[in-house]
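Trainee: Structure in structure tokens, see below.
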């Protein structure tokens, strides 16, 4: 029992290095470093470079591209370098420092000739002898890397590659989502026991190795303990050793981690995986591990050689000149080169990039308010740099935005406003909202796309239930979609007919004899389909939709809003009346919509349409767990239209006029159209007028939004018909980039719409409505930070990781991806499960960057004390800021910006 507790504790702690990965069909953005945020971004970057040779700073090409495009101000970087040098004093000649800085800041690599120079070896040996004890302690973490990493096989590759191939084979077999005709025997017992049963007959192992497998314990914890003991790993090093194995295939390990969270019977899945992996490593390594030295001297020597070579190259100091100094002077030089290494400068370039964006964002807001002030002929806008030394990046805005609490203009909707449309905070909504507001008397609002409803949806046209809320929160309720019994029976029969056709096709494909006949039967049809889809993608897609509407038309449905008893459900079905009131009130507060209602209020979720795209879920709503958010929008709109709910809201101080009607729609981000999901049968005269006005304006809005969006896609030539071109992108089965998704996301603004209204934020900003004056206890802000802002940060860091380290955190080229086991994609037929974004999602071309890899900038419109209170109440968020996993800026009641560094 003691062994089991110890091993389970080790694995529980080691899981911090990977992240749970959902299947690609419900792809949800994940922060790959969420479990590591107790350390600073810089420390994690150093650790990953040491243990996996993964660099998570933007490389030289990305930095140069940012400078060329005006996204990175070199003067900001130079000032950061100057400030850093002022903080340190080095007792070496200044001209060496100047030369070193001028060269290393270009991020050019040290030529191999410098590393191989004999004098470099002499200096390294000299320093190693003097610092052996200290350096051995510094490099202790190298000792506990997997043994298979240190042993090279006959083909010249680490044995860990053979271990990986074995684990890919077995993990694919276990995790298969019922795509294969035969499932893994005994998988219902556990992954480990199924492997034990099958591996005894696997002739990729030798006869002696299979005998070892037969004698393994039935307990995976005991197996892990046995292998670690065999390799003479000290107990204090267990976690580091296990972490090395989890990081070897973080995709497959992450998928198993996800499944262990979803199913109680698979809660020890990572333990099974590690037991199998360690056994495979032991079988392949054998006694060779004894030749792997635990002495750190060779690695310390290599570190000294690299540092000496860097010093000589960047400072233009010949190595023989360095040798003319005594050992203490040489140590001073080495200390300088070590503390001013290339990764320090990569970090400074990244910070300068982020500071440049922060400055540009403030300038946009400043210019927007100057324009508004001039147009309205109101009091002069005083824009001046803040001379407070403690706030070096502040700017003062005294305009219509910097008003006192008694000014009611910010709390009242304009008398001519016909409709208020609440969009998801998704960055793709920002341009669409801007064009809607410019098209007529419409007001837009930002809120997370799940609309504050912690639900699991059970839709009639979806095979599986889906958790329609942020992935870090478990659902608390189940909402079922249903229709009249007759309509449902007809629809189910149609579904079964379609399913039978696909199942028959699959059955023929997966069986020996029928598969020989299948090409003859299906070849002509599939060939014709391929030709038509290639030549006329938009028309073929439209025809397919018409056929689907005719033969598989979804009936008019209702939702189980009221609480129902269902003994088969593990979650409450529907809401009580008080819960409906509470969720409606919470959502309206999060939208900052508790008064001055327009006649027509639209709750707009969003969805994306693309064809032949395994990563389609990555373009859906991140706040709904990688699915469209129209379901949540419809549910909340129906709740808000209920008389008993409105009466309950009235008792809470929120009065919705009888003439105000709530409706639901979906913003299709790939075509910038608004599709109605739910419109009540009866509309008031004012609501009907608003509904018609919005529909009339939508064609122009779509054309303008599509033109703006398509101009950013690497299309060929000028787009003359943006709406048709957008539809072609969404319909073309060969299109690798139907839309940019959330690429270039950079900031999250929490504040009143007046702060950013009319300002072109280039589709880079998440926008969430918030009025600190109505949030007396700070709970609303804490909710926004803990939910929507966290989702945005995860999205931001996934795009960041997929850009700076695509080989490790991305998913490669779409054209060479292989969908495997129904859960994800690989490159080829035996790679790690590629769990990030594809190359085409972040790059405009092979050598042309599109996404800007900078950490999310959160902007809060509130006084300093509100932000300070947030830090006190939300230690998790405070840690993210202090450890540099995101940046924070606020704008207070005087209109003064402050960077919280």
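Cβ atoms here come from the backbone N, Cα and C positions, even for glycine.
Pulled the feature table from Swiss-Prot, pasting it below:
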type    : residues           : note
BINDING : 424, 426, 606, 621 : Zn(2+) binding site
Trainee: According to DSSP, folded down to helix, strand and coil, what is residue 621 (Zn(2+) binding site)?
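Mentor: Strand, per DSSP.
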Trainee: Taking the center of the Cβ atoms of 424, 426, 606, 621 at the recorded Zn(2+) site, which other residues in this chain have a Cβ no more than 8 Å from that point?
Mentor: 423, 425, 428, 429, 449, 605, 607, 620, 622, 623, 624, 629, 667, 669
Trainee: List, in sequence order, the same-chain residues at least six positions removed whose CB sits under 8 Å from that of residue 606 (Zn(2+) binding site)?
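Mentor: Looking at Cβ-Cβ distances below 8 Å from residue 606 (Zn(2+) binding site), excluding near sequence neighbours, one finds 423, 424, 426, 428, 429, 449, 620, 621, 628, 629, 630, 666, 667, 668, 669.
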Trainee: Can you see whether DSSP assigns residue 426 (Zn(2+) binding site) to helix, strand or coil?
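Mentor: For residue 426 (Zn(2+) binding site) - judged by DSSP and reduced to three states - the answer is coil.
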Trainee: Per DSSP, to which secondary structure element type does residue 606 (Zn(2+) binding site) belong, with helix, strand and coil as the options?
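Mentor: Note: residue 606 (Zn(2+) binding site) is in a strand by DSSP.
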